[in-house]
């Protein structure tokens, strides 16, 4: 997948990280969206065949970044503007401690200030390891007033078959069921499976959860988070899949979003302050 994507886009639009051992990554500068992560030759992320690349619409798949708002936003586009802005290369790929690392950045501009009048700088550090991917997200308040935000890494995992995928580590957690008008429930299952349209925000999550059935029936991914207390689990299922123009009718069968974030309540960051968030995805 990564080799195909490299040829598909102009070199100026993507950054490629490669270890030379079947572990590769492609990130598009539009939205700083990680399009592909290959581990030992196997693609871990889902990217819709119908994804639109017009530098306007958010890319359907990979790992888009949500900031400064998760969900509908009365000041601007759904899920904020970070996923539909062109990011800059802060530092190009280089080797650090046996990993390949690069950093992208996004700062406020006239367009962002018209909808959300705050000054900021975002740093997104991507670290590709032998069997892991670490994504570090730093938010700097560069202005003279505090602001509130929500943020999330909207990770789309590729599944061999959604009926064989599950998530462990969410048992006994309270979740917001967005399909049921925001009703709050407690998760009773040790292994969460997805049999229908699913859109839930799990609150106060442990720092480690496991997603089973990634890439193929036996593929497991450990998600380890820092400063992300929430996990969003999403699959549109059949009817919603058909209603989305940038998503194949049957693609819900081969994807599962498990998204680390800070979304159940806003975060406040003071003037001149810096906050750090991260997730590490490790193949088990």
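Even glycines carry a Cβ here, placed using N, Cα and C.
Annotation source TrEMBL lists substrate binding site at 60, 78, 83. Sequence-distant neighbours of residue 78 (substrate binding site): residues of the same chain at least 6 apart with a C-beta under 8 Å from its C-beta are 71, 72. For the recorded site, residue 78 (substrate binding site), the DSSP three-state label reads coil.
What TrEMBL records for 154 (among others) is active site. A 10 Å cutoff on Cβ-Cβ distances gives residue 154 (active site) a total of 23 other Cβ atoms nearby, all chains included.
Taken from TrEMBL, the feature active site applies to 259 (among others). In this structure, residue 259 (active site) is part of a beta strand by DSSP.
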Rounded Cα-Cα span from residue 154 (active site) to residue 83 (substrate binding site), Å: 10
Number of other Cβ atoms within 10 Å of the Cβ of residue 259 (active site) across all protein chains: 24
Output field, substrate shell: CB within 8 Å of site CB centroid, site 60, 78, 83 dropped: 31, 57, 58, 59, 64, 77, 79, 84, 154
